[in-house]
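Pulled these features from TrEMBL for this protein:
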type: COMPBIAS; residues: 10-20; note: compositional bias 'Basic and acidic residues'
type: TRANSMEM; residues: 168-187; note: transmembrane segment
type: TRANSMEM; residues: 246-266; note: transmembrane segment
type: TRANSMEM; residues: 412-429; note: transmembrane segment
type: TRANSMEM; residues: 435-459; note: transmembrane segment
type: COMPBIAS; residues: 513-533; note: compositional bias 'Low complexity'
type: COMPBIAS; residues: 538-567; note: compositional bias 'Pro residues'
type: COMPBIAS; residues: 581-590; note: compositional bias 'Basic and acidic residues'
């Protein structure tokens, strides 16, 4: 038994050794060297793998390609997208961004449109009342007495200004509108319409393009003329004057508003001719001109600030086109004796113009954001910047009126458009009898109600947008005064400082820290308080130093401009202060610094 078991074990060992020898192939090293591809199924002959057959098959496949094998490989070829996950995730996000652009863009356009409506209605509703109040103040001037130091009725000192700066600007706006409206009576709208109607279609197309360019140029330079007039008229008297005077500036402003109103009238007449043409060829060409705008702007390089300028320009163009359509409808309805059936004839053309404007804006912004890797959330920042302008204009010590702020931000100047609309309405609608004047008065009350409701809603929405964007702290930031000996920093102020310069005498005044729309129970919200008179710009009257009189300034001491630093010299201290100011200032990156309308879409002033 022992011999049998021993023989069996020896046979098993020999079988294992033989199996190991058989498994050890001489071509294993070839597999490791890479000379022959590793294949799981090799042809087997008599228990051995035929390496030569494998080589012959690989050579035959490489030297003799088959169409059937190529088609089979194309039909069964696979690939794995997860090997480049980052790339395809980015492409999917771009698609989602393009899908979000219409919604976010229309939110911005709607908010900006109602901002333009608010500034436009201000000219018809509140501006006449403000001018009336300023005139009443001038008429009641003798009640104060010229020799009295302080008037017992209005508490105004004899050395102060007759009118506040805001009232002076309101009176100038009212005079400009009255003079331009009187001059517009000498321009015949019907003669201009027939003169344009007699031109050929191509010539009218060229004229319309030239009018668009001229409108942008006028808008860019017009607000500078008006700002120069307002500052020249309200500049403190003790300063050294370096201007040509108020009267030349006033005539320049009147001339500008008159020319701009005529320009818009020619635009409206050209659009009216396109509406009334039989074959609608001119209207089709004008609408196709909007799509040419896509070619001129989509393939340019845009940054966030450039896109903000273009968005503001699109808001202004959309509102202006709506007002032009209103003028065209009024003129056409007048020619057809206010027949309501004719309004349905005009409706398809009006719908085509509005639809083309919206479609062009959506396509243009979608591809600009795609090519420049700009997210759709940037339009929320733009909306917050526009809301910041509205909220800051309602502060106690606001720098400017909101209508002027909209004009600087969007290039929308309401005065020429308002003059033209009043001219067209008065020539189209005949007011005769007491009932007609009653309807006019009721219409005026309706416009005032609409203006007030629109302002309230916009102010509430603006507070929400400013809070959501965490811009509350910027409302109450005061720019630090430059060092007295620092000439380089004082000559090149930032745009945020230049947009609201601190007048002399107010540099040491510090605003009270008020939280936006969350006031304490004993105080009112800062965005609804009225501005205080700026009496510190003028020589104060001789005051009797009584202990009951409150001090004009806040008891908070002004911060020291520069603490004494023994290790640093004077020049090193100035360089450090200038470097600190440049470090905290981000030119051409903050949206609040872009306060100038430009006609070039890819350029920042």
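The backbone N, Cα and C atoms fix where each Cβ goes, and this holds for glycine too.
Let's see these features in context: how buried, what's close, how far.
Across the compositional bias 'Basic and acidic residues' (10-20), DSSP classifies residues as 11 helix, 0 strand, 0 coil.
Outside the transmembrane segment (246-266) by six or more residues, the chain places 172, 175-177, 179-180, 183-184, 187, 189, 192, 196, 207, 211, 214-215, 218-219, 221-222, 225-226, 228-229, 232-233, 320, 324, 413, 415-417, 419-420, 423 with a CB less than 8 A from a CB of the stretch.
Sequence-distant contacts of the transmembrane segment (412-429) (same chain, six or more residues past either end, CB-CB distance under 8 Å): 116, 119-120, 122-124, 173, 176-177, 180-181, 184-185, 189, 218-219, 222-223, 226, 257-258, 260-261, 263-265, 268, 315-316, 319-320, 323, 326-327, 330-331, 333-334, 403, 406.
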Is the transmembrane segment (168-187) packed against any residues at least 6 beyond its ends, judged by a Cβ distance under 8 Å, and which are they?
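Counting only partners 6 or more residues beyond its ends, the transmembrane segment (168-187) has Cβ contacts under 8 Å with 123, 127-128, 130-131, 134-135, 229-230, 233-234, 250, 253-254, 257-258, 261-262, 265, 401, 415-416, 418-420, 422-423.
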